[in-house]
Amino acid sequence: MKILTGTVNELLNELKIETDTNTSIQVETEVKTIIEKVKTAGDQALFDFTSKFDGVGLTELRVPAADIQAASAKIEPAFLDALQQAKVNIESFHSKQKQHAFLDSEKDGVIRGQLIRPLETVGVYVPGGTAAYPSSVLMNVLPAKIAGVKRIVMITPPGENGINPYVLASAQLAGVDEIYQVGGAHGIAALAHGTESIPKVDKIVGPGNIYVATAKREVFGLVDIDMIAGPSEIVVLADENANPAFIAADLLSQAEHDILARAILITTSKKIAEETQNEIDKQLENLPRKAIAQKSIETRGKIIIAATTQEMFDIMNEIAPEHLEVQLENPMNYLYQIKNAGSIFLGSYASEPLGDYFAGPNHVLPTSGTAKFFSPLGVEDFTKRSAFISYTKEALAKEKDAIVLLAKKEGLDAHAKAIQIRFEEEN
């Protein structure tokens, strides 16, 4: 890892904060073609693309309930118990996020209020590839269930032996209503437009590769999406009292995701910087995903030595990381200095994987600096708000002149007339 020193501005310039757009012109062109084919050919396009991209010849898209039950029966009880414990924690945290309707009748003859309604149908994308992510199923599905979404449709690409049984078991535990064995940009297109087998949804959530991310960007507006996620990120803030072995392990926990993952340590201690570097080298040797983690650390990893604790927070807030660990003495004292971070881990024993799997807060987080204006996935992402008003004639009479004046100043005479006509019989 490269060690950086200097002023805040020099460090930020050296860091050259990358905003990963997770797309390219070539990919965008390919994705548009895929979406159009799914839009016109429906299920047949999904069969063709699954054969082409996944090397799997399908005869049906929906995973039968019997297959889901059989997959769950194969899973070791200890894993199912761990999954159940995680589910309880995720549900207990997200249940506190529920928004509430309100009714305001403070003014005579006036009723105003807000309704909160769940989305009808949500599509959840679960990646395939070299790793299975049952935790991603829980994190995307459970907030939707708590919000009251009636129909949750999951898609995931099949492998040679079908869908990973741990993913299926997680989907059953979370309460997914339908599962389809299709992935990629063609799967996103199916959720956005609907096919003979797959329903059109109101919103698509879940992570994926560059094709999935680009497809989500393309269909946004036809349906809602959660966010466009880039490679995983972690920033660790550490003082001289931090444990270098803990820091190194947490940095590597993100580096093993992807060669484009970003792992950054910001510290006021040169000793901690050097010892963490040594720990990373040592721990890398025993990692099964060493090649990925090492490439990430070498090309995207950074150690920044700041002059003061305040500088540490200034740099971190500009980075706006997906994951932030505060390994400082009395970490709670610094909570309100954090302006921009997706998920925050306070203290040496609040390790980032605790949030990935178990503690309860969501692990679907803004990346690439977007924590400056985006939030983690939550219950509110699966609801919508509607306002309502009711006025008596007497209440409207008190306010009609002001309304007419505003409408006429905007040149919208029909708006003004709509108010005036209700009182014309009195003149």
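Think of each number as a place in line: the chain as shown, counted from 1.
Backbone N, Cα and C atoms are what each Cβ position is placed from, and that goes for glycine too.
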Original post:
Which single residue out of Asp108, Asp177, Asp356 does Swiss-Prot record at the substrate site shared with Ser232, Gln254, His257, His323, Glu410, His415?
Top reply: Asp356
Original post:
Fewest other CB within 10 angstroms, which one of the recorded positions His257, His323, His415?
Top reply: His415
Subject >> Separation of alpha carbons, His323 (active site, proton acceptor) and Ser232 (substrate binding site) (Å) >> reply: 8
Subject >> Residue pair His257 (substrate binding site), His323 (active site, proton acceptor) - Cα distance, angstrom, rounded >> reply: 13
**OP:** Take the C-alpha atoms of Glu410 (substrate binding site) and Glu322 (active site, proton acceptor) and report the distance between them in angstrom, rounded.
**Re:** 44
Original post:
Among the recorded positions Glu322, Glu410, which residue has the largest number of other Cβ atoms within 10 Å of its own Cβ?
Top reply: Glu322
